[in-house]
């Protein structure tokens, strides 16, 4: 399971990419403009960024440059710019791979998984402290010395919270990442219900949670003392 930021202004293509890649269990955050993508990388950590160069409000190179100032997050450039000079520029600025349109979704899926495999599994999928062990690769979860069983939605929520511990995730961010294309049709109450179920499995006292904290009017955050 990996958290992927997809920055592509063609909504049909964006939906197609998610449909092709979500079978591998990845979580997607979709942005259609440079400004919203910039906001996402300031708020959250991603395992991979798939980035179009030609965006309505600017160049994807600006986001690539910003990422390389402070992060080694793999970046796959996705663009209609098929000149050799464009590819050289993207790679020289720090992109890890460069795919030109039109492209095969199977090839894209393969390249994405190759980039994700370069990251050690310990860093990407396993989170461990003295109180818990969450292994998202083997789907094994233990807390306070007991194993817990999580459904698919609960796994996605837990992954996002723990990976971004200490960072507030808004309700909208969680809805869009966990329910993906269905986010607009899913009732907000569905998130509250799912989070409540997760708390009862993770917390010793769900009424007084020590890990999953509600930030009223905004969203949720994973905190550790």
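Cβ coordinates are placed from backbone N, Cα and C, and glycine is handled just like the others.
Computed from a predicted structure; not experimentally measured.
Feature annotation from TrEMBL assigns DNA-binding region to 124-224.
The feature domain 'Response regulatory' is assigned by TrEMBL to 3-116. Across the domain 'Response regulatory' (3-116), DSSP classifies residues as 56 helix, 28 strand, 30 coil.
The annotation domain 'OmpR/PhoB-type' is assigned in TrEMBL to 124-224.
Cβ neighbour count for residue 52 (4-aspartylphosphate): 25 (other Cβ atoms within 10 Å of its Cβ, all protein chains included). What TrEMBL lists as 4-aspartylphosphate is 52.
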Helix-strand-coil residue split for the DNA-binding region (124-224), DSSP-based: 41 helix, 24 strand, 36 coil
